[in-house]
Amino acid sequence: MQVADSEGWSIQDSAALYGLDRWGEPYFTINGRGHISVQPQGERGGSLDLVELVSELRGRNLGLPLLIRFDDILEDRLERLHAAFERAIAQYSYTGRYQGVFPVKCNQQRHVVEELVICGKRWNFGLEAGSKAELLIALSLLDDPEALLICNGYKDRLYIETAILARRLGRQPVVVIEQPDEVDRIIEASKSLGAAPYIGVRAKLSSRSTGRWGSSVGDKAKFGLSIPELLATVERLRESNLLPDLRLLHFHIGSQINDIAVLKDALQEAGQIYVELTRLGAPMGFLDVGGGLGIDYDGSRTASAASTNYSLQNYANDVVATVRECCEPNAVAVPTLVSESGRAIASHFSLLVFDVLGSSALSASIPNASGDEPLTVRNLRDTLVTIQELSGTADAQLVRLQEAWNDALKFKQDALAAFRLGYMGLPDRASAEQLTWACADAIAQRLPKEQAIPEELAALSKALAGTYYANLSIFRSAPDTWAIDQLFPVVPIQKLNQRPTRLANLADLTCDSDGRLDRFIGDGQPKQLLELHELDDNNPYLIGLFLSGAYQEVMGNLHNLFGTTNAVHIRLSPGGSYRIDHVVRGDTNADVLEAMEHDPRVLLERLRVAAEAAINDGQLRIDESRRLLDHLESSLRQTTYLQD
């Protein structure tokens with residue numbers, strides 16, 4: 001569907017339209033060429049033209065879709081997180097410190113975790129593991145003896161013993177008791193090894209959370225100890241002489257806290273539990289406030305599911321101030337504050353760039369009239385003329401537009417009935433459909449801008465909208481858009497100095513009707529259509545999916561056997577250039593076949609046998625067989641996505 005001409009448009013208009021000046025700060029802006037620029041170090045300077053960068057990466061045989069990871073942004077996020085807590089600690093005269101950890105589950109990619117460990121050493125920044133495999137990752141990469149290694153998740157004897165033995169490697173693991181039956185395993189493992197880990201307990205808070213992850217707290221939460229279970233755990237540790245090793249209280253109220261009031265309530269409850277644990281004789285020392293530090297996906301700065309009604313500094317201030325208010329009146333030393341802020345750290349540093357392969361839309365063009373058109377087709381032509389000639393007040397026009405659309409639908413049904421009975425040919429049916437959509441387009445163009453619109457008429461814009469076919473798999477690269485209706489910023493990375501004249505949604509490569517993007521960042525509310533530009537046959541149309549660095553890669557799947565995309569790690573160089581630190585090649589067709597236990601060699605051999613049989617039957621020449629097998633071998637080495 002066309003929305004407007006392209007005159008009188010500026011990059012400021014595009015920034016406002018796509019919310020770039022809200023969610024993009026301080027890393028993404030629009031430059032004078034109408035391209036998105038990336039400032040990986042934020043306000044400290046240095047920028048890269050994203051379109052030029054993609055062009056140069058494609059010149060290095062890194063095809064689209066392409067995942068671009070800016071390691072400078074990862075480091076900058078760490079710096080901002082620690083700076084916020086340092087300011088809060090100074091403002092509230094907090095005598096403790098902040099010591100964060102990165103939850104490995106957010107992004108287990110080796111280069112990502114390595115980068116965080118290296119950048120985080122100056123703050124003794126640690127890692128959080130939620131499984132045995134993640135524990136092994138953390139043990140191999142985390143070499144700072146002062147950094148915390150928080151051990152969460154379900155734990156068997158092997159998990160616990162591995163964590164205990166890690167202390168002898170100079171690590172500082174904290175085994176967090178999340179289920180009552182883990183207490184006895186820790187006691188037995190400690191006796192067997194003659195050593196104990198630092199121990200933590202996770203409390204189930206009664207404070208209610210909101211949003212998509214509200215069930216993370218409360219009596220029915222998946223993890224954590226109820227208050228009676230917490231007291232029983234303390235007594236069991238005391239009986240086993242392990243109470244001196246109880247050092248940490250942990251809670252978690254959701255992956256994306258959208259309302260700061262929820263955090264304040266939880267902090268007050270957890271702060272009092274911490275005080276009571278010290279009164280019961282536990283030395284304590286650490287309070288882990290879990291994850292939940294959200295990011296503003298849609299830039300609205302509200303308590304919506306895709307936003308937050310607080311800033312990073314607000315978050316740090318409330319954590320520091322509330323914990324101090326709980327501890328100081330009770331003469332309890334304030335703890336070292338720990339957070340597992342994976343989403344806030346990792347989301348910004350990674351973006352996916354993909355190209356558009358083509359588009360389609362319903363035809364609203366007006367067919368030429370013929371002398372022997374059926375009555376239903378003539379009725380549709382008359383209805384279109386009526387719509388085009390409407391005048392009067394907005395209220396009166398709206399009533400007449402609804403009446404006209406009702407007429408158009410009736411005439412379309414009459415035409416379909418005539419076709420089914422054999423009274424109408426295919427050309428006349430095509431004319432009836434085109435005229436129906438021409439009526440819809442004329443109505444959509446005339447709907448009042450500032451007036452409540454009947455739902456049926458409001459839906460016409462979506463029905464008329466086009467579909468842009470994107471070279472990606474939603475299930476692989478942005479699974480949360482399908483699974484939980486997560487909003488991500490989706491923006492063309494070029495032509496932003498031109499008015500977008502098309503409304504469309506995005507369909508991916510999979511043979512699945514769910515494989516589409518049809519919820520986009522709007523002005524306060526999600527919108528179903530995205531403003532896009534006309535496609536140019538001579539130049540690729542590039543779109544970016546932003547803020548996708550947390551969870552998306554690891555949760556992506558092999559639906560339709562679309563594999564991982566190419567990925568590249570970029571760092572700014574002095575003088576405004578960049579360097580490529582790592583290239584991670586995406587899956588080939590052979591890779592995904594092997595993942596499903598199809599041996600590419602066996603596959604080729606079967607096809608070779610089939611080709612020989614075709615030669616013997618005279619269906620295939622020898623040179624054609626060779627060309628076919630060469631083509632198949634080449635396909636196995638190629639990416640699972642479409643190429644130029």
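Each Cβ is built from the backbone N, Cα and C atoms, and glycine gets one as well.
What Swiss-Prot records for K105 is N6-(pyridoxal phosphate)lysine. Here Swiss-Prot flags L287, D288, V289, G290, G291, G292, L293, G294, I295, D296, Y297 as substrate binding site, drawing on sequence analysis.
A 10 Å cutoff on Cβ-Cβ distances gives I295 (substrate binding site) a total of 20 other Cβ atoms nearby, all chains included. If you draw a 10 Å sphere around the CB of G291 (substrate binding site), it holds 26 other CB atoms from the protein chains shown. Reported as a whole number, the C-alpha separation between G291 (substrate binding site) and the residue listed as 'N6-(pyridoxal phosphate)lysine' equals 12 Å.
In the shown protein chains, 27 other C-beta atoms lie within 10 A of the C-beta of V289 (substrate binding site). Non-local neighbourhood of Y297 (substrate binding site): W23, A306, S307, Q486, L487, F488, P489, I521, L547, each in the same chain, at least six residues away, with C-beta under 8 Å from its C-beta.
Its own atom aside, the Cβ of L293 (substrate binding site) has 26 Cβ atoms within 10 angstroms in the protein chains shown. Secondary structure at L287 (substrate binding site), as computed by DSSP, is strand. Note on K105 (N6-(pyridoxal phosphate)lysine): other Cβ atoms within 10 Å of its Cβ, all shown chains, come to 20. A straight line from the CA of I295 (substrate binding site) to the CA of K105 (N6-(pyridoxal phosphate)lysine) spans 17 Å. When the CA atoms are compared, no binding-site residues among the candidates L287, V289, L293 lie within 10 A of the residue listed as 'N6-(pyridoxal phosphate)lysine'.
L287 (substrate binding site): 26 other CB atoms within 10 A of its CB, across all protein chains.
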